[in-house]
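One structure is given here, and the rest of the page talks about it.
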Amino acid sequence: EELCAAELAALKFLSLEHIPMGRLEVIRNAQDFFELLHERCLIEPEDLSFLRELLYHIGRIDLLVGHLGSSREAVERELQLPGRARVSPYRRVTAARCLIFKLSEDITSDEQNSFKFLLGKDTKYSQNSKATMLDVFIDMEKKGILGEDNLDLLKKLCQEINLSLLKRIEEYQVNHPGEEQMVITEEQGGSTRALEAHARWLPLPVASDSPVTWNQFSQLEAYKMTSRPRGVCVIVNNHNFEKARAAVPEPKPLKDRNGTDVDAAALSRVFSSLHFEVKEHKDLTAEKILETMDTYRREDHRDRDCFVCCILSHGKKGIIYGVDGQEVPIQNLTTSFTGQNCRSLAGKPKVFFVQACQGEACHRSVVIETDSGEQDSSVETDARFQLSCIPAEADFLLGMATLQDYVSYRSPSQGTWYIQALCRHLESSCPRGEDILTILTAVNQEVSRKSCNQNSEKQMPQPSFTLRKKLIFPVN
């Protein structure tokens, strides 16, 4: 009941090595599909390993956890055992099918229509508005115009539609030049299992003593990012701290954060263009911040691909302030969205950007070259990030404005160095298909080259993450 039509199509595609295409084509709902798996002895009451593997590959970790009592880590360990992996089209037997599956997930509805239009009468699905990209690709394979060693037409189409897709195909061809996998097939209990002679397509372990090379990074799959909207982008924009000044006596009273509305407007513009549903919340007390995060935690994100939260507020070590001067630990905000606390976001990227100082120390310039600084800059003392602020669980990204113990800079007229650089690079790099870590590296470079004219003081942002895949925000 929880599987949508696109997910059913993906499950059918992943099962092609075990069930004839003719049997799969007549399946119209998930119940019939599961009955067919049972009929073929692929799932049994005492053995749901194939079902766990299928759900793992389509990213429905919430169903793994909530209905099968398993987890991503448990399935990954299971898949590393010899002979346990049975989803050969996706991970094991044909590398081209692996490529095709991932491309079909990342192609938008507009791009899908363009593919069908350019194909014309080459496939029976070219004029069928209900056909998925998997349907189109499978029919192309049937007609012999797509295959492991026959990607010319697909490359030509991608060149017309989306150059980032073409780049992925070319990377595949460089890394897999006509290579064939050796497969052993054996019958066990009425089920056919494909066993690899070597574990080339086994998932990478979470921790490894060997460093990951750039070549390996370039081959990483990307998070699914095709839903409309992609997800919610929450902006907590605290500007007026009059309540805090009245209620919390401090040696350095919390001033109003002039310029923060410039940041909030830029974030809203950028994430709206990236197809997020933007929700801005202004001048929240500490209690209201927690209530707001709990509201989004309880929402159903099953039809969304991502969650983004931007915090613009004062703070100090490990916390942010509400406008009433009360403290909210950053860790409380991030851990609210773990897979255990928000199951509909399990396996999906959770992104937090915090415009914040992490102390009161100032970076002194040690470089020869200088860059013009912002005019009328002011220093704000905001939240400090520690490693404990980001959950140990996978799929989190936390972008902080500066290093631990140091200040960040804000112009009352032009916004903060960090948020403005972040928005500029998102706007320029996302249309080119750049991943978020590449973008944040460029943000680091831009911000680190700035200086405050008065004392030549510097700033260095700091991203931390537990992402497992490339995070790319497609514009189209």
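Easy rule for this one: first residue shown is 1, then count along the chain.
Cβ atoms are placed via backbone N, Cα and C, with glycine included.
Over in TrEMBL, the protein carries these features:
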| type | residues | note |
| --- | --- | --- |
| DOMAIN | 1-69 | domain 'DED' |
| DOMAIN | 95-171 | domain 'DED' |
| DOMAIN | 229-361 | domain 'Caspase family p20' |
| DOMAIN | 390-473 | domain 'Caspase family p10' |
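According to DSSP, the secondary structure content of the domain 'DED' (1-69) in residues is 42 helix, 2 strand, 25 coil. Helix, strand and coil counts from DSSP across the domain 'Caspase family p20' (229-361) read 42 helix, 35 strand, 56 coil.
The average pLDDT for the domain 'Caspase family p10' (390-473) in the predicted structure is 80.
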